[in-house]
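Asker: Starting off with a structure, shown below.
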Amino acid sequence: MTDNMDIVYVSLEAVVAVLCCLGNLLAIWAVWTSGSLRHPTFCFVASLAGADFLVGILGIPLTVLVDGKVITSFHGCLFLCCSLNMLNQASVLLLLAIAVDRHLRVKIPLRYKRSVTQKRSGAAVALCWLLAFVLGFPPMFGWYNRQTLSEMESSNATTLVCRFVNVIPLSFLAYFQFFGCILLPLLVMWGLYAHLFYTISKRLQKSQSTCSQSHAYYAKERKLAKSLVLVLVLFAMGWLPLCLINSVLAFGVHVPLVVIYVGVFLTQANSAINPIVYAFKVPKLRKAYLQAWRKCTPCCQREVAQSTESKESSSAVRNNRVAKSTEDSCDKLDYSET
């Protein structure tokens, strides 16, 4: 890579890193401080924002370092590269957890609130991170580039210029990570969302003539599902180019270096886009963003406190009236806004 291209690439990565950190930190804070967002789905969304935040604060700097910017031991370089794999895999698994959660909320609405609790959703998040470690670190346990290690041993070298492709074999990136850990979960998620929209469509037709509150419930579920599908589409658009590039390289086809770096940049930029999607497509998160932002501004804190108090009181009265009017006409579904 030329010096000018190197400067442009590192500068763009730095901008994306700042956006990742600020945007996803705001998303985490919004979910944490807003009582109305303390649902299992938003627990998974906050965890996904946490993974994207780690991409900004750790993943992007590591990506720059393992592009020949640091000299380390073979296994030290391998550890840095595997840490990148773990962060990427965590995002995939958390997206899958969100898809499963949405599917369960529509498939078993009467039992969802009892079955999917905050404690169980927290355990699911912990399981996602554990699986991300297991799926991201196989190179540390033997699936590494043995040719590079052999060359170091033959020359009695103890350190090397750390480059991702020098320690991680293309066979791992193409066959294991792409086909097994990214493409397969993506296909499962597409299947879950396709069945979810089919189920919602059927129940909307059925509830249209029986219970208006049930109809509103499934309409909200469809709206939130569309927003989450957009997050999934953007993830696929950000990751599939690099995965396809790795697969092409594994078959010995030459790919220009600038194309590779564009693919890497798209994967990093994806982590900065998700908070923007939340802000524009999820009304409750957008409202929480605005409240969090106003709390950071001292001159607005008093006004926010007064307006929040009045809105909460009026909302409580309105919710009580709605609950009384619909209690006898509809099944006991969880009609809370999502």
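Using N, Cα and C of the backbone, Cβ positions are placed for all residues, glycine too.
Whatever TrEMBL says is automated annotation, not expert-curated.
Per TrEMBL, the feature transmembrane segment maps to 12-32, 44-66, 72-100, 121-144, 174-198, 228-252, 258-280. According to TrEMBL, the feature domain 'G-protein coupled receptors family 1 profile' maps to 23-278. Annotation comment: TrEMBL describes 308-318 as compositional bias 'Polar residues'. Marked as region 'Disordered' by TrEMBL: 308-338. The feature compositional bias 'Basic and acidic residues' is assigned by TrEMBL to 324-338.
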Asker: How about the transmembrane segment (174-198) and the transmembrane segment (12-32): do they have 3 or more C-beta pairs under 8 A, pairs 6 or more apart in sequence?
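Answerer: Result for the transmembrane segment (174-198) with the transmembrane segment (12-32) is no.
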Asker: Counting only residues 6 or more past its boundaries, what in the same chain has a CB within less than 8 Å of a CB in the transmembrane segment (44-66)?
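Answerer: Counting only partners 6 or more residues beyond its ends, the transmembrane segment (44-66) has Cβ contacts under 8 Å with 10, 13-14, 16-21, 23-25, 27-28, 31-32, 77, 80-81, 83-84, 87-88, 90-91, 94-95, 97-98, 101, 121, 124-125, 128, 162-164, 264, 268, 271-272, 274-275, 278, 285.
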Asker: Over the domain 'G-protein coupled receptors family 1 profile' (23-278), work out the mean pLDDT and round it to an integer.
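Answerer: It averages 87.
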Asker: Out of 72-100, 121-144, 228-252, 258-280, which stretch touches the transmembrane segment (12-32) the most, going by CB pairs under 8 Å?
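Answerer: Stretch with maximum Cβ contacts: 258-280.
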Asker: Residues sitting near the transmembrane segment (258-280): Cβ under 8 Å, six or more positions beyond its termini, same chain?
Answerer: 1, 5, 9, 12-13, 16-17, 19-20, 23-24, 26-27, 45, 48-49, 51-52, 55-56, 59-60, 63, 88, 91, 227, 230-231, 234-235, 237-239, 241-242, 245, 286, 289
